[in-house]
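Asks: Please see the structure below; I have some questions.
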Amino acid sequence: MASYDKPEVVERDAKDKEHKDDDKPEVAERDVKDKEHKDDDKPEVAERDVKDKEHKEDDKEEGKGGFLEKVKDFIHDIGEKIEGAIGFGKPTADVTGLHVNSINLEKAEFVIEILIKNPNPVPIPLIDINYLIESDGRKLISGLIPDAGTIKAHGEETVKIPVTLIYDDIKNTYSEIKPGSIIPYRIKVDLIVDVPVFGRITLPLEKTGEIPIPYKPDIDIEKIKFDRFSFEETVAVLHLKLENKNDFDLGLNDLDYEVWLCDESIGSVDLQKSANLVKNGITYIDIPITFRPKDFGSALWDMIRGKGTGYSMKGNINVDTPFGPMKLPITKEGGTTRIKKNKEDGGDDDDDDDEE
């Protein structure tokens, strides 16, 4: 029995071996398929990595140029939201006028007026005012006004900037600027204010116009004509010649001066009516005077005989101009004139020889 059973065991072992051998190709086949799947997956992963890298590079390039803009936009948006919520805004300003206080032969004094409006719920400080006045690109004067005040909340304020132009400084610096001329000007003003949310803001302003460089008129007594002659009191008329050397008219309103004949004062002279002194022209006016010839001593006989009589004048004239009123000096030293009497006083009243 024992020897009979052995072949069955051997047969079973052979079958088991066959089954195991049959299983091995299946395992190997699966390993091959898994490897193929893994190999197929690798290119997809690599492709995604390349695309992600490209996206990152694009984002970097975009970020370099756009980051600051985004920050600015963000700050701007925040500022607008704050402004809308609590009412903050930028102030406005405008040059409302230039007023001439005085003009004479030496200088011009005027005031620049600037209106500033503050829309904010809090006062804002006016930190600095920078100003420059130029003519055809030539600097005439500049200045700085620090700590110029405060503009009240939801209010407005007129700021006044006093300016003085010294004519000698202008003429010494720019020889081509002549007395009597009119020159263009440009005023540039920078207002620096401190506004909540916005910080420091510069408000630039400009204004243009013209200013004169005045020149005093020349004056002469062409003749003195008697209306009534006596040794005690003589009534006469001064025939004055005024030459306006300015490029603008002078409206003569008043004369404030004194006249000397033969070194004797005949007193001050009053203007009876206004006159217009045309620009770059000559105007004649008559001024009545009263004096006592007997006070002139030996010079009286020269006056009576119609010889030349020495005279001097010194004073001021008050005039209106397109730039405001002016007070201009008038002087005449060592002049010579003639005294003419009316025919009824024994004189020659013919005006044909009035000119010297």
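Here the Cβ of each residue, glycine as well, is placed from N, Cα and C on the backbone.
Grabbed the feature section from TrEMBL, which reads as follows:
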type	residues	note
COMPBIAS	346-356	compositional bias 'Acidic residues'
DOMAIN	93-210	domain 'Water stress and hypersensitive response'
DOMAIN	219-336	domain 'Water stress and hypersensitive response'
REGION	1-63	region 'Disordered'
REGION	330-356	region 'Disordered'
Asks: When DSSP states are grouped into helix, strand and coil, how many residues of the domain 'Water stress and hypersensitive response' (219-336) land in each?
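Replies: Secondary-structure composition of the domain 'Water stress and hypersensitive response' (219-336): 10 helix, 79 strand, 29 coil.
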Asks: Can you tell me the mean pLDDT for the domain 'Water stress and hypersensitive response' (93-210)?
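Replies: That region's mean pLDDT is 91.
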Asks: Please count the residues of the domain 'Water stress and hypersensitive response' (93-210) that DSSP assigns to helix (H, G, I), strand (E, B) and coil.
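Replies: Summed over the domain 'Water stress and hypersensitive response' (93-210), the classes give 7 helix, 87 strand, 24 coil.
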